[in-house]
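What follows is a set of notes on a single structure, which appears directly below.
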Amino acid sequence: MFGVYRVFVLLVFVSQLCNGFYLPGSYMHTYSDGDSIFAKVNSLTSIETELPFSYYSLPYCQPLEGIKKSAENLGELLMGDQIDNSAYRFRMRTNESLYLCTTSPLNEHEVKLLKQRTRELYQVNMILDNLPALRFAKQNGVTIQWTGYPVGYSPPNSNDDYIINHLKFKVLVHEYEGNVMEVIGTGEEGMGVISEADKKKALGYEIVGFEVVPCSVKYDAEKMTKLHMYDPVPSVNCPLELDKAQIIKEHERITFTYEVEFVKSETRWPSRWDAYLKMEGARVHWFSILNSLMVIFFLAGIVFVIFLRTVRRDLTKYEELDKEAQAQMNEELSGWKLVVGDVFREPEMSKLLCIMVGDGVRITGMAVVTIVFAALGFMSPASRGMLLTGMIILYLFLGIVAGYAGVRLWRTVKGTSEGWRSLSWSIACFFPGIAFVILTVLNFLLWSSNSTGAIPISLYFELLALWFCISVPLTLFGGFLGTRAEAIQFPVRTNQIPREIPERKYPSWLLVLGAGTLPFGTLFIELFFIFSSIWLGRFYYVFGFLLIVLLLLVVVCAEVSVVLTYMHLCVEDWRWWWKAFYASGSVALYVFAYSINYLVFDLQSLSGPVSAMLYIGYSLLMAIAIMLATGTIGFLTSFYFVHYLFSSVKID
C-alpha cells in the first residue's frame with residue numbers, strides 16, 4: 001500500500017514539475033517610445049470547414065512595401081499556416097486612430113467570397129511580437145476568450161452580412177527590468193541568450209499582451225479615399241445599430257481603419273503566454289488520472305493473484321514430479337502446460353507482424369520523447385509548428401530502433417537473418433506509405449478548394465528526400481545491428497505437427513476486441529481535450545497530464561495483453577501472437593469510433609463533405625498510429641511473459 005502511495009505522489013510531483021517549468025519560446029524584444037512594430041497575419045481559419053485560406057484571398061488592405069511571406073518551418077507548412085506581413089503599424093506607447101485604405105467597389109465574386117467566409121465563421125489570426133490577438137466576449141454572463149476576430153457577422157433574422165472593418169487594439173506593455181533572468185527558447189527568430197551588453201542597450205518596453213475588439217463601421221467612402229495610409233482619423237465607438245455598420249454588397253467600397261491603445265501591465269515577458277495557456281478542467285484531468293490508477297491497480301492485483309497463486313503453484317507442482325509423473329500429468333491435465341510444444345510456433349504472416357512491431361516501437365518512442373520534451377517546455381506554442389517538426393525529426397531518426405526491433409524479432413521467429421534487408425525496407429516504407437496515401441488523397445481535396453492547408457509539391461519532395469536520406473539508411477543500419485545482436489532463444493522445442501486447438505463456444509477475437517475498452521478508458525477524457533485543441537482552435541498545453549496518461553496507457557496495455565494471452569493459453573490456444581498484438585491495439589478501434597462520435601455530436605457546425613473527409617482522414621491516420629504503438633507495447637510484454645513462463649518448465 002505504501003508503494004502505491006509513493007507512485008501516486010511521484011505522479012503528482014511530475015505533473016506539477018512539468019506544468020511549472022515553462023519556456024516562452026522566443027527572443028525577448030524591447031522597444032523604445034515611438035518604435036514602429038508591424039503586425040503579421042496568419043491564415044484565415046474556421047471551425048466549420050477546417051479549411052485554411054490566405055488572409056489576402058479577401059479584399060484586405062495590403063502593406064505599402066508589398067506582401068512578404070515569413071519563413072516557415074516544416075510543421076507550419078504541414079499545418080497550413082501562411083504568415084504574411086500586414087499593413088497594421090503600431091508605434092510604441094503612441095495611442096492613435098489611423099486610416100488604412102478604401103477598397104475598390106466590390107464585384108460579384110468578392111461579395112460572394114466575403115459572405116461565404118462570414119457565414120462559415122472564418123477568423124482572422126493576427127500576430128504582434130509573436131503573440132496572437134486575443135478577443136474577449138461575454139455569453140450568459142461568462143467571459144469567453146478567443147484568438148483572432150471574425151471576418152464579419154450575420155445578424156439573426158437577417159439575410160444581410162456585415163464586415164469587420166475597424167479594429168480597436170489594446171497592447172499591454174511592461175517596462176524592461178534588466179535584473180530579470182531571461183529565458184532561452186526557440187521562436188521564429190531563432191535561439192539565443194541576451195548578453196549583459198544587450199541588457200544595457202535594451203532599455204524600453206516589452207509587449208506582454210495583445211487584445212482586439214472588432215467593429216463594423218459605415219464610412220463615407222468618397223470622403224475617406226482622399227486620405228493616405230496612416231493618416232489620423234477620429235476614434236469611434238463600435239455601433240450597435242445595423243444601419244451604422246458596413247454591409248457587404250455589390251458596388252460598396254469598404255474603408256478599413258484601426259486604433260491602438262498602449263496600457264502598462266505588471267505581467268512580465270516570461271509570463272506573457274499565461275493568458276493563452278490557462279489550464280481549464282484541471283479537476284477533470286485529475287479525475288481521469290485517478291480513475292485510470294484505480295483500474296490499473298485493480299487489474300494489477302488480479303494479474304499478481306493469478307500468477308502468484310496459479311502459475312507459480314502449477315510450476316512448483318510440475319517441477320516436483322518425476323519424469324513419468326510429468327508425462328502422466330500432461331495427459332490428465334489441460335491448460336497452458338499442454339501447448340508447450342506449440343507456443344513458439346511461427347505465427348501466420350510473421351513478416352507483417354515484425355514490420356508492425358518495428359514501426360510500433362518507433363511511433364511509441366517518438367510519442368514518449370515528444371511529450372516529455374513538450375512537458376518540460378522545450379516545444380512552446382510560441383514556436384509555431386515546432387511540435388510537429390520535432391515529431392517528424394524524431395520519427396526519421398528512430399528508424400534505427402525500428403529496424404533493430406523488427407529484424408531481431410524476425411531472426412527470433414525464423415531462426416535466421418535471411419531476408420533482413422527486405423524486411424528493413426518494408427519497415428521503412430510501411431507507416432510512411434500509409435500516411436503518404438492518406439495525405440495525398442486529402443491534399444487533392446485541399447488543392448481543389450484552393451486552401452493554404454494543401455501541401456506544396458516542393459514540400460512533398462522535401463519530405464521524400466528526408467525519408468530517403470535519413471529514415472531508410474537508419475532503418476537498414478538498425479536492421480543490420482539486429483542481425484548482429486544475440487538471438488533470443490526459445491526455452492522449449494516446437495513440435496513438428498501442430499496441436500489441434502479445442503473448439504470454443506464464442507470467437508476468441510470477440511474477447512480480443514473487447515479488451516481495448518480498458519486502455520480506451522484511460523485515454524478517452526484526454527482525447528476530448530486533444531480533439532478540442534485540434535478542431536476547435538484551442539491551445540493545448542497540459543503536457544504534464546498527457547505524460548501521466550501516456551504512462552498509464554502503457555501500463556494498462558501491457559496488463560491487458562498479458563491477461564488475454566494467459567487466458568488463451570489456458571484454453572490450449574497457442575496462436576497468441578496476433579491476439580496479444582490486437583488485445584491492446586484494439587484500443588485504436590475505439591479511438592476511431594470516438595472520433596466519429598465527436599464529429600457527429602461535438603462538431604455539429606462542421607459543414608460540407610470536404611471538411612468531413614478531412615476530419616475522417618486525419619482521424620484514421622491517428623488511429624493507425626495508435627494501433628501500431630499500443631499493439632507493440634502489448635505484444636512485447638506478452639512475448640517476454642510467455643518466454644518467462646515456459647522457461648520455468650523443465651522439458652527434455
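Each Cβ is built from the backbone N, Cα and C atoms, and glycine gets one as well.
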Compare the topological domain names that Swiss-Prot gives for Tyr99 and for Gly608, and report whether both residues sit on the same side of the membrane. yes
Range from 427-447, 461-481, 581-601 with most C-beta pairs under 8 A to the transmembrane segment (387-407): 461-481
Do at least three CB pairs under 8 A connect the transmembrane segment (614-634) and the transmembrane segment (427-447), leaving out pairs fewer than 6 apart in sequence? yes
So if I exclude everything within five residues of the ends of the topological domain 'Cytoplasmic' (408-426), which remaining residues of that chain have a CB under 8 angstroms from its CBs? That is, six or more out. 346-347, 350-351, 353-355, 357-358, 472, 475-476, 478-480, 482-483, 485, 487-488, 490
Which residues, given as numbers and ranges, are at least 6 beyond the ends of the topological domain 'Cytoplasmic' (563-580) yet have a Cβ under 8 Å from it? 299, 302-303, 306, 311, 334-336, 338-339, 342-343, 345, 347-350, 353, 499, 501-502, 504, 508-509, 511-512, 515, 634-635, 638-639, 641-642, 645
Give me the mean pLDDT over the topological domain 'Lumenal' (532-541), rounded to a whole number. 79
At a Cβ cut-off of 8 Å, and with pairs 6 or more apart in sequence only, do we get at least 3 pairs between the transmembrane segment (511-531) and the transmembrane segment (363-383), yes or no? no
